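In what follows, a single structure is set out as structure tokens and then discussed.
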Amino acid sequence: MRKLFLPDFNNSTHPESTVQPQAPARRRHPRVVVITSGKGGVGKTTTTANVGLSLAHLGLSVVTVDADVGLRNLDLLLGLENRVNYTLVEVLNGDCRLDQALVRDKRWSNFELLCISKPRSKLPIGFGGKALVWLVESLKDRQEGCPDFILIDCPAGIDAGFITAITPANEAVLVTTPDITSLRDADRVTGLLECDGIRDIKMIVNRVRTDMIKGEDMMSVLDVQEMLGLALLGVIPEDSEVIRSTNRGYPLVLNKPPTLAGLAFEQAAWRLVEQDSMQAVMMEEEPKNRGWFSFFGG
Ligand SMILES: Nc1ncnc2c1ncn2[C@@H]1O[C@H](COP(=O)(O)OP(=O)(O)OP(=O)(O)O)[C@@H](O)[C@H]1O
Ligand SMILES: [Mg+2]
């Protein structure tokens, strides 16, 4: 009997899908969460957009910050690129007010986007983590009330842009794909986050393909969890709808009916609110009966 660790993406009857978390009373301190990875292209921006909108859908107020300097694309994924007139750099230069740089989503008024800088531009000398700390403090004190969540979409790599993005955060969501290069970078980033005092780190395993896990061509989620030793916030399947939604500027979680990846992002958002995590549960495969079952814990 062979032991398998497979995600069940068809399990839409998970208790989490029927229970809605309660929106907390107005906060005085936002939860500041950096979405990071180390390796580029593993799904940080996709996660920020979809988890952010899912949180807004749950009634929470969310500010997403695109901290990818020069190569920003969160505005594109959200379909808000034409509405970005000002960035944080201009706010700090005194060219505009903070509320002018915050772009309200077309669909959810409790969801806002702030870009750090204009595309292909460089940050002014002296711009760093302190600018984002100032931003968080300003958002806390603004008239509309303190947001429940500030999600920071981190640039790839571990250089100055990474340090700037993690500085104001007190929590991190580490996005990884189940391959060795992504895992090695994720492990390195985990060490750096801990060094910076960020102890609340959860991971999202993205682009998981059960067919490849079955064929033992891809690491299982349990393998990933054992290698990184982090709490699991979500498992997102490889889904061509993600690419389609990226190109349309219409995030996946807005799709009706939702796709499997959309549901997985919604569940990850729910766990983020509840400060919960999921567990890989081992199931076993009968050699003759090649029915593949699943894991997904509570
Ligand atoms: N679950 C998924 N299934 C299919 N495609 C995906 C999935 N997640 C992300 N992608 C695709 O992978 C590409 C990279 O995603 P994304 O831009 O979110 O990564 P990133 O980590 O933000 O990249 P960068 O490091 O460049 O900022 C995009 O084309 C996106 O559509
Ligand atoms: Mg990105």
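Heads up, residue numbers simply count up from 1 along the chain you see.
Keep in mind that glycine also has a Cβ here, set from the backbone N, Cα and C atoms.
Pulled from TrEMBL:
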BINDING   LYS39, GLY40, GLY41, VAL42, GLY43, LYS44, THR45, THR46  ATP binding site
COMPBIAS  9-18  compositional bias 'Polar residues'
DOMAIN    33-251  domain 'CobQ/CobB/MinD/ParA nucleotide binding'
REGION    1-29  region 'Disordered'
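Structural mapping of features recorded in TrEMBL.
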| residue | record | contacts (Cβ under 8 Å, 6+ apart) |
| --- | --- | --- |
| LYS39 | ATP binding site | ALA156, THR176, THR177, THR181, SER182, ASP185, ALA186 |
| GLY40 | ATP binding site | ALA156, GLY157 |
| GLY41 | ATP binding site | ALA156 |
| VAL42 | ATP binding site | VAL175, THR176, THR177, SER182, ASN206, ARG207 |
| GLY43 | ATP binding site | SER37, VAL175, THR177, ILE204, ASN206, ARG207, ILE236, VAL242 |
| LYS44 | ATP binding site | ILE35, THR36, SER37, ASP153, CYS154, ALA156, VAL175 |
| THR45 | ATP binding site | ASP66, ASP68, ASN73, LEU74, LEU77, ASP153 |
| THR46 | ATP binding site | LEU77, ASN206, VAL242, THR246, LEU252 |
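DSSP gives GLY40 (ATP binding site) a coil state; it is part of no helix or strand. Taken residue by residue with DSSP, THR45 (ATP binding site) is part of a helix. Contact annotation for binding-site residues (LYS39, GLY40, GLY41, GLY43, LYS44, THR46) versus ligand 1: GLY40, GLY41, GLY43, LYS44, THR46, each with CB under 6 Å from a ligand atom. Proximity to ligand 2 at the level of Cβ atoms, with a cut-off under 6 angstroms, picks out THR45 from the binding-site residues GLY41, VAL42, GLY43, THR45. The Cβ centroid of LYS39, GLY40, GLY41, VAL42, GLY43, LYS44, THR45, THR46 marks the ATP site; residues of that chain outside this set whose Cβ lies within 8 Å of it are SER37, THR47, ALA156, VAL175, ASN206, given in sequence order.
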